[in-house]
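What TrEMBL says about this one:
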- 1-34: region 'Disordered' (REGION)
- 18-29: compositional bias 'Basic and acidic residues' (COMPBIAS)
- 78-209: domain 'EamA' (DOMAIN)
- 79-97: transmembrane segment (TRANSMEM)
- 109-127: transmembrane segment (TRANSMEM)
- 139-159: transmembrane segment (TRANSMEM)
- 165-186: transmembrane segment (TRANSMEM)
- 193-213: transmembrane segment (TRANSMEM)
- 231-360: domain 'EamA' (DOMAIN)
- 233-251: transmembrane segment (TRANSMEM)
- 263-281: transmembrane segment (TRANSMEM)
- 293-311: transmembrane segment (TRANSMEM)
- 323-341: transmembrane segment (TRANSMEM)
- 347-365: transmembrane segment (TRANSMEM)
Amino acid sequence: MVLCQGGEGDAAPAASRQEPEVPPGREDGPGAVQPCPAPGVEAAGAEERRACGCCSGMSWPFCCEAPGAKKKAACPGLGLFYTILSAFLFSVASLLLKKIEDVHSVEVSAFRCVFQMAFVLPGLIYYKTGFLGPKGKRIFLFFRGFLGSTAMVLLYYAYQVMPLADATVITFTSPVFTSLLAWIFLKEKYSLWDVLFTLFAVTGVILIARPPFLFGSRVTGIEGSYSDHLKGTIAAIASTLSAASTIVILRKVGKSVHYFLSIWYYAVIGLIGCVIALFVLNEWRLPHCGRDRVFLILIGLLGLGGQIFLTKALQIEKAGPVSIMRTMDVVFAFILQVLFLNHIPTWWTVGGALCVVASSSGTAIRKWRHSVKKAKQREI
């Protein structure tokens, strides 16, 4: 079956993906991608037929609404809707984590890893990727799994000991730290704009953490003790740095490793690490009541659902708009915190959230425009 370019058939998880060029004069196979005919061009002495999604096998003059027009998406904005739905599912999972009592964050992370493994294992078998990956890439996959699972554990701990909105906002400094680490380790460009966005992100974190040496000894609007708030802030920052490091590692690996294999390492190493930590801390125990057990299952399902919808969004929408729309995580976190946890955020938190959202959105917009510019240069 022949597909027209520009439809959903050539959607990719990353905005930078390109279709391989077909050498001129080569006969197209059954799965080839071909452009719709240019305006005014018809095959001499014969009527061309195309079987693209917009023509359903009709002859060329009727296959598109206008000659040479690209096929429109079946549902404009569907990728952004998936992103919002993903943000909502992640936020609800974080809320349930706050509602669980007497369950350590490491144990919650272990349950999450089990759900990830159950989801990824059939994909590994179907795609025949193996369980170890290429020999030259295994060390990168190991550190991707170790740092990714560490980020998850630290984030869950931050959710448990500090306000939900505060922890969520700090995690959105990840794009800024990713740019900084990519400049250090991958020699990517780091401009003055990136420096400005980094300063915005650091300012936002300071407004949320409110260290006493800047804000005085009486810090208001803190959930629980300030020591727990400070521990949660440090854990959230460390989680963000670990998550940014995993992205740099994934950039280094590139497309040489199937993404299912990357998630597999993340789940397996995370589960092993969580089990060891639970025995060392002597924190392994089932929740006392049935409600907490249901919450644990729902956290695994909601986290998995959020990841699926985020992946779907990146397949049919460019990375820039998706990154910007992901800031809805912060909005949902504020709403759920007020409605279900009866904790009204302070103006310091709101100001910090605005700084961080502006920083992450600015970083996403710059990278999006840069990728669009490079794509236009390739076309020329």
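The backbone N, Cα and C atoms fix where each Cβ goes, glycine too.
Since this is a predicted model, take the numbers as computed values, not measurements.
The stretch with the most CB contacts under 8 Å to the transmembrane segment (293-311), chosen from 79-97, 109-127, 233-251, is 79-97. Across 79-97, 139-159, 165-186, 193-213, 323-341, stretch 193-213 shows the highest tally of CB pairs under 8 A with the transmembrane segment (347-365). Packing against the transmembrane segment (323-341) from elsewhere in the chain are residues 80, 83-84, 86-88, 90-92, 94-95, 98-99, 163-165, 168-169, 171-172, 175, 310, 353, 356-357, 360-361, 364-365, 367-368: each is 6 or more residues past its ends and has a CB under 8 Å from a CB in it.
Counting residue by residue with DSSP, the domain 'EamA' (231-360) contains 111 helix, 0 strand, 19 coil.
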